[in-house]
Structure formats: structure tokens, C-alpha cells
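Quick look at what Swiss-Prot annotates:
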SIGNAL    1-20  signal peptide
CARBOHYD  Asn39  N-linked glycosylation site
CARBOHYD  Asn72  N-linked glycosylation site
DISULFID  Cys135-Cys178  disulfide bond
ACT_SITE  Cys138  active site
DISULFID  Cys169-Cys211  disulfide bond
DISULFID  Cys269-Cys322  disulfide bond
ACT_SITE  His276  active site
ACT_SITE  Asn300  active site
Amino acid sequence: MGPAVLLAILCLGVAEVTQSSDPSLDSEWQEWKRKFNKNYSMEEEGQKRAVWEENMKLVKQHNIEYDQGKKNFTMDVNAFGDMTGEEYRKMLTDIPVPNFRKKKSIHQPIAGYLPKFVDWRKRGCVTPVKNQGTCNSCWAFSAAGAIEGQMFRKTGKLVPLSTQNLVDCSRLEGNFGCFKGSTFLALKYVWKNRGLEAESTYPYKGTDGHCRYHPERSAARITSFSFVSNSEKDLMRAVATIGPISVGIDARHKSFRLYREGIYYEPKCSSNIINHSVLVVGYGYEGKESDGNKYWLIKNSHGEQWGMNGYMKLARGRNNHCGIASYAVYPRV
């Protein structure tokens, strides 16, 4: 087959896909590509457009149901709008809830009054939202965020810590860099290593690299770490009395990937399957407390264009929704 014939076949394939697309969405497609800096090859354009249109229709129908009072949150065709579910799931990492958690220190709840609203951002404990990119490093961002909060409470200084340090250097503890990892093993590394560098001295690259940790540049240390028992009440107490807590959740669903704002509740979410690490930075409720619209405030690592400027309100008090309390851990400094 000659080059000219092959090119003609390729062009014909792209033309057929383009012709099947909805022309009324042309301007929205071009604007979306500009907004998220998307550039495709001639072969990719049609396939990505088809996926994007499917997601666009899903989002519009969901938001109609939100306007009708059938949903509690809205969705948006964000940077993941051209991804299939299979492609997005490759960005997640299966995180088995370890059997050894019973042998490790378990947070002992402190009795007493708990505030109805907590938001550690307002107390200066939380660094800006970051973007993990295509590296499966959510576990590193979650662990670093928990340490940042504790270091701030101890020193009064908020220092962004190096997630790349964790990606590159915690393999001996059992993490696998950009392939997969866990917050527990990340904290174990910092504890054994007796230090973690700052983002300023060990910046994030979003790819696997050789460990370049220098003890003299350490910006944080931890003395131990503890799990929170598998209970939303205990997690609530830990968030209120200790600070931002690292947790794992089930984030496999399109509704999570394309979340925009509101209190996220996904009936298909599992409380036993954990595949994404985030940081709980607070909790509260919308409307009247008696309305039952309670939420966890979580910080994600998909950039500020995802969700509520990088954050999500996830349903609280709904039977450990999405496993929010199944894998909660925090450091001591």
C-alpha cells in the first residue's frame, strides 16, 4: 500500500468521524480545547471529539436533573472531558486497606464538644491546590498535605512540601512512584528518613526520577503516624481536633471525574474499594442542620479547574460514602 493510499484512508476515517459529530457543538469544542490546551493528531481528533460529546451530553442531562432537584451536585466538562472511563481509571491506584492497621497506632478519640463547621483553610493550615498531572501520585499529595498541616500547627509556618521527594524516594517502603503508592507508606518513609524536603528545593516533575534527597535541606519531620478507626464520627473528631487528615476514597465514577460543585453523592460508590487519595480539610453542612445536607470538605490534586477550585464537598453521614473513613491516617510531628 502506497503512502498516498494510506493517507487517503486515514483522511477518510477522520472525515467519517467528523461528519458524525454534532455541528452545533463545534464552537464549544474549540473553546474547550483552547481552555485546557488540548492538541490532537489528525487521527486522535475524531475519537476524542466523540468521547467529549458523550461526556457533554451526560453532563447536560445531569445538570438538568440538578435543576429539577433530583441531584445534589453539578457536573462540568473539565480537563477530563475527552477521557473514557477506562482511560481515567488508569490514573487511579488500587489501595488495599491494610490488615496491619490493627497492629498500628489507632487514633484515640477525645471526648467533648465538636464544632459544627471546620475549615482548616481559614486557619492557614492548607497550601494551594496542585495538579498531579498524569503521574499516579495522589498518595504523595495527600500525605504531604497532612504533614504540612501538622507542621503549621507546630511552627506557625506553612511550607509546601515536596511530593516529588516522596515519588522518587519511598520505593524501599513499598511505593512505586508514578505507578502507585499509599499514604501510609509515604508517611513511613518520612518517619524513617527523618525528613522531607520542601517543594522549593525538590520541585514536582510528575515523572519518576532518582532519589535526590539532601538531609540538610529537610523542611519537615514526623515522630509517628496513626490511623483513624473506620468511623465517620472518629474521623470528624480527628479533623476537628488534629487538623487535615489523609484519606482514601473510591473515585472510579464519571460523576467524580466531572464533578463541579455541590454535595457529591454517587449511589455506585463503594466504601470498601479505595483507589484515590485526598486530604480532608474540614466538614460542615448546607442549609439547616436538620436538612441532613452534611459534607466532608476534601482537597484533591487535579488542579484548581477541577471541582470547586480544586475542592469537593463529599456526602457525610451516608454510611461511610465512597470509603471516606476506611483509610484515614495522619502524622505526628
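Counting starts with 1 at the first residue shown.
In case you wondered, yes, glycine gets a Cβ from its N, Cα and C as well.
On a predicted model such as this, the values are computed, not experimentally measured, just so you know.
On the structure: features taken from Swiss-Prot.
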residue : record                      : Cβ contacts under 8 Å, 6 or more apart
Asn39   : N-linked glycosylation site : Lys33
Asn72   : N-linked glycosylation site : Tyr66, Gly262, Ile263, Tyr264, Tyr265, Asn293, Ala315
Cys135  : disulfide bond              : Val167, Gly177, Cys178, Gly206, Thr207, Asp208
Cys169  : disulfide bond              : Tyr189, Asn193, Cys211, Tyr213
Cys269  : disulfide bond              : Ile249, Asp250, His253, Phe256, His321, Cys322, Gly323
His276  : active site                 : Leu92, Thr93, Ile95, Cys138, Gly248, Ile249, Asp250, Ala251
Asn300  : active site                 : Val129, Val278, Trp306, Gly307, Gly310, Tyr311, Met312
Inquiry  = Please report the three-state DSSP label of Cys322 (disulfide bond).
reply    = helix
Task = Rank the recorded positions Cys138, Cys178 by the number of other Cβ atoms within 10 Å of each Cβ and report the first-ranked residue.
result = Cys138
Task = Look up Cys169 (disulfide bond) in the DSSP assignment and reduce it to helix, strand or coil.
result = helix
Message = So, three-state DSSP: helix, strand or coil for Cys138 (active site)?
response = helix
Ask   = Other than its own, how many Cβ atoms are within 10 Å of the Cβ belonging to Cys211 (disulfide bond)?
value = 14
Cys322 (disulfide bond): tally of other CB atoms within 10 A of its CB = 30
